[in-house]
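Notes follow the structure.
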Amino acid sequence: MKIVPIPAFNDNYIWLIHDDESAVCVDPGDAAPVLAYLEQKQLDLDAVVLTHHHNDHIGGVAALQAAKPDLAVYGPDDIDCVNHALKEGQELNLLGQVWRVWFVPGHTHNHLAYILRIEGKNRLHVFCGDTLFSAGCGRVFSGTMAELEQSLARFAGLPKDTLFYPAHEYTVSNLRFALSVEPNNEAASKALEAASKIPTLPVNLSHEKAVNPFLRLEAPEIIASIAAKNMPHASSSEVFASLRELKNQF
Ligand SMILES: [Zn+2]
């Protein structure tokens, strides 16, 4: 099983999972680079899985459906082109593998993540859309701050070697923000030095727990940075909301 990032637009990744014959693609915001890759590698597109309704994640679906009219499109039930609507806890069988569906709202009110376990291997692969980015997280659009905090906390409970496949490469600007609230975080400094080589993705959970301020709500230096700006910091939820607000302005 191979997991390949197909770059799209300025900073999107369309993740393509394939077994050298059939492929599944995650969040095809643009069809052209996907069709070109499928053609080049002689792959048959089995299914599309969608995390949420934003156009940079679904904009290519219509053209992929035009190219393959019986294409299975899985995703949340608020997207018109979805022909297999999904809910929390469902399991899909795609490419002969099990994909568990998690409802992870926050960035949008109806956001899914897909947790792939490749047969014979323990490590989990999470296609997390715009929920988690390396060293950061998505903005809160139609979800709530509490939902996003809870969704990230749920990811944080997965095994440490779990690999995350976010839909964007925002790693450098996220690490600059992380260092602005936690200047002495050596892991974040090292990650910033290493981040000139892209893609920086996927990332594993133990790395994220070391560098991602949104998974480090108890870090004294982060809490002190927020206190110094006179922003709410009395609970982890307040720290989370303050961090998200600071990042919006960063
Ligand atoms: Zn989005």
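Just so you know, glycine gets a Cβ as well, placed from its N, Cα and C.
Note that TrEMBL annotation is computational and uncurated.
Lifted from TrEMBL, the feature list:
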BINDING   HIS52, HIS54, HIS107, ASP130  Zn(2+) 1 binding site
BINDING   ASP56, HIS57, ASP130, HIS168  Zn(2+) 2 binding site
DOMAIN    11-168  domain 'Metallo-beta-lactamase'
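Overlay of TrEMBL annotations on the structure.
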residue	record	Cβ neighbours (10 Å)
HIS52	Zn(2+) 1 binding site	28
HIS54	Zn(2+) 1 binding site	21
ASP56	Zn(2+) 2 binding site	19
HIS57	Zn(2+) 2 binding site	25
HIS107	Zn(2+) 1 binding site	25
ASP130	Zn(2+) 1 binding site	25
HIS168	Zn(2+) 2 binding site	19
Discussion item. Near ligand 1, which of the binding-site residues show up if the criterion is a Cβ under 6 Å from one of its atoms? Options: HIS54, ASP56, ASP130, HIS168.
Written reply: HIS54, ASP130
Practice prompt. For HIS57 (Zn(2+) 2 binding site) and HIS107 (Zn(2+) 1 binding site), determine the Cα separation and express it in whole Å.
Written response: 13
Worksheet item: Out of the binding-site residues listed (HIS52, HIS54, HIS107, ASP130), which are within 10 Å of HIS168 (Zn(2+) 2 binding site), Cα to Cα?
Response: ASP130
Worksheet item: What kind of secondary structure is HIS168 (Zn(2+) 2 binding site) part of, going by DSSP in three states?
Response: strand
Worksheet item: At the level of the C-alpha atoms, what whole-angstrom distance separates ASP56 (Zn(2+) 2 binding site) and ASP130 (Zn(2+) 1 binding site)?
Response: 11
Discussion item. I want to verify one value. Collapsing DSSP to three states, which class is ASP56 (Zn(2+) 2 binding site)?
Written reply: helix
Worksheet item: Which of the three DSSP states, helix, strand or coil, fits ASP130 (Zn(2+) 1 binding site)?
Response: coil
Worksheet, complete the sentence: Rounded mean pLDDT within the domain 'Metallo-beta-lactamase' (11-168) lands at 97
Worksheet item: What are the other residues, in sequence order, whose C-beta lies within 8 angstroms of the center of the C-beta atoms of HIS52, HIS54, HIS107, ASP130 at the Zn(2+) 1 site?
Response: THR51, HIS53, HIS57, THR108, HIS111, GLY129, THR131, GLY138, PHE141, ALA167
